[in-house]
Structure formats: C-alpha cells, structure tokens
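Asks: According to TrEMBL, the protein carries these features:
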- 6-27: transmembrane segment (TRANSMEM)
- 39-57: transmembrane segment (TRANSMEM)
- 77-96: transmembrane segment (TRANSMEM)
- 138-222: region 'Disordered' (REGION)
- 150-159: compositional bias 'Polar residues' (COMPBIAS)
- 191-222: compositional bias 'Basic and acidic residues' (COMPBIAS)
- 301-325: transmembrane segment (TRANSMEM)
- 331-353: transmembrane segment (TRANSMEM)
- 365-381: transmembrane segment (TRANSMEM)
C-alpha cells in the first residue's frame, strides 16, 4: 500500500515536470525533428490503445462483475469518454468557428455600409468644388474604386484651379491698372475663396471623422477578430483559436489520464500507465507549446498560463483518483476508469491517424504495434 502511494506521488511530480519541460521547450529551440516526434507519438498511441482495452476497461468490467452488476457500464462509460473527447475536438470547435464567421460577416456588412456613406460624402465634396465636369467624373470614379480616396485634398486639381484663378486675377488686375490706376481696388478674392472652401472642407471632413468615430468602438472587437479567427474563404481556424482549443482539450484529457493513475490498485499497472502518461505528456506538451508560441509569437500570459494549466492537469487528476481510491467504492472507481479508458482509446486511434501522412507510415505502425505489445506483455503480471 505504501509503495503504491509512493509510486503515484512520484509519478505525479514526474508528469508535472514533463509537462512543463515539453510545453516550454519550443521556446528554447528554433527547429525540431518532426519525424522523431511522430515516432514518439506513434509509440505512445500503441501504449494508450493497449492500456485502454487490455488494462483499464478490463479492470472496470471485472470490478463491476464482482459487484454483480449485469448492465455493461464499463463499455458504456468507455464510450462516453470516447465520445466526449470526440465532441470537444469536432463539435465545440466548429461551433466556435461558426460563431466567429458570423461576427466577421457582420463586420463586413458594417464596413460596406460605412463605405457607402463615405462615397456619398465624396460626391457632395466634389459637387461643392469648382471643378470641370471631366475632373468631377474622374474623382467620383476614383472614389468608387477606392472608398478611402481623399476627395478633400486633391493637390493636382486644386493646384491647377488655383493657378487658373491667380492667372485670371492677375489679368484683371493688370487691366485695371492700365485703364485707371486711381480706381484700383484690390479685394481678397482668393482668400475669400480659400476661406469658403476651407470651411466646406472642415464640414465634410468632420462628417467623415464622425462616421469613423461612430464605428470605431463597434469595429474594435471585430478588428481583433481578424487576427485570431478563421477566414470566410478557406474555413480554417486561425493559429490562436487552434492553440486555445488544443490546450483546453489536452488539459481535460490529461485530468482523466491522471485520474487513471490515482485510482489504480496494482503496482505493476500503476507503473505501466504512469510510464505511458509520462511518455505522452512531454510530446503533448511540446506540440501544444509549439502551437501556442507560433500563434502568440511571444511568452504572453495566455501562453504561460495554458502551459502551467496543462502541466497541472494530470497531477490534479491523480490527486482526485487517490482520494476516490481511499473511499473504497469500486463502482465509482470503475465508472471513472472506464471513462478514462475512452479518452485513452480516442488518443490512441484518432491522434495516431493524424500522423499517418504517407511518410514512413510502416515505421510509425511498427512503433504503435511495439507500444501495444508492451502493454499486452505487462498485463501478464498485472
């Protein structure tokens, strides 16, 4: 009994250490060997499949049969654990994706509405200025092609118009001087014109600024969403969303893995499951760390918090399992073992299927079979 508790406590700290090392390791390296990582994942997949079916599910069924329970609760809770993990990855994820897509669609609709307002303001500005018809048409066409087109400050056209005005005023002034210098009366026509245009420009400019300020707060959240959410065209998750879902899923799965260690009653089985979790914990932590650091580009509070939470998840599950073990309730512990076996089975099948990308698949299969064989052989002494 004391040896069993000692092994569980020791496994708790080793699992915690492996999670932290695996999670923060990508920060200290620039490149990793993907094929070696996949070999390790394949080996762990075989261990998980063997542990789920040969050890955990079998133990749960044996205890339930000993309690004279005829209903196959072991298979039921194994299926629940499998489907629950499946739901986390394939139901909740797309639901978040759909919600993010709707937010982006609303943002695009707001942007289109604002662009229409700006086009109308551009048209009013052009009509208020003394431009030739061809120039007006050119400006309006430019504003339609580019909603950000600045119809207030058009240096080329304004410069030409001012030059023409100055030329006409100089001609009028010279004629007045030649005719009768005593009747000369200079009026600041140009200044008045500039003042009128300036006041008009201020009014139209303030309208544009008012529209921008009006929608600034509304679009702030959607602007950040551009950086963290899927695109409508390809339907893929952004790096940040993927990293967060991965961290949550792995943490939940790790709690159940640690739970399996805590409720084990056999030293050999505890060692076998602990070794499997230790081997897989570092790999999972490394994969999650790469995803988080790739998404956030730096060691932010979110990255550090997720890695620490993931590292603590298995030890927390182990402590819960040890507490439940002391209650000596075989029915509850059998349900939890069967539930954890479902998550193990999911990790061993679906996660292994992901790494079968056509590159050295036979070698990966060999590692998976090797891991399964180890668990099958260990069961002889279990």
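The backbone N, Cα and C atoms fix where each Cβ goes, glycine too.
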Asks: Any residues 6+ beyond the ends of the transmembrane segment (6-27) with a Cβ under 8 Å from its own?
Replies: 254, 258, 261-262, 264, 267, 270-271, 274, 277-278, 281-286, 288-290, 292-293, 299, 307-308, 310-315, 318-319, 321-322
Asks: Between the transmembrane segment (365-381) and the stretches 39-57, 77-96, 301-325, work out which stretch tops the count of Cβ pairs under 8 Å.
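Replies: When the Cβ pairs under 8 Å are tallied, 39-57 comes out ahead.
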Asks: Which sequence positions outside the transmembrane segment (77-96), separated from its termini by at least 6 residues, show Cβ-Cβ distances below 8 Å to it?
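Replies: Those are 52, 57, 60, 237, 241, 245, 248-249, 252-253, 256, 335-336, 338-343, 345-347, 350, in sequence order.
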Asks: Give residue numbers and ranges for long-range contacts of the transmembrane segment (39-57): same chain, 6 or more residues beyond its ends, CB-CB under 8 A.
Replies: 74-75, 78, 260, 269, 272-273, 275-276, 279-280, 283, 337-338, 340-342, 344-345, 347-349, 351-352, 355, 363-365, 367-376, 378-379, 382
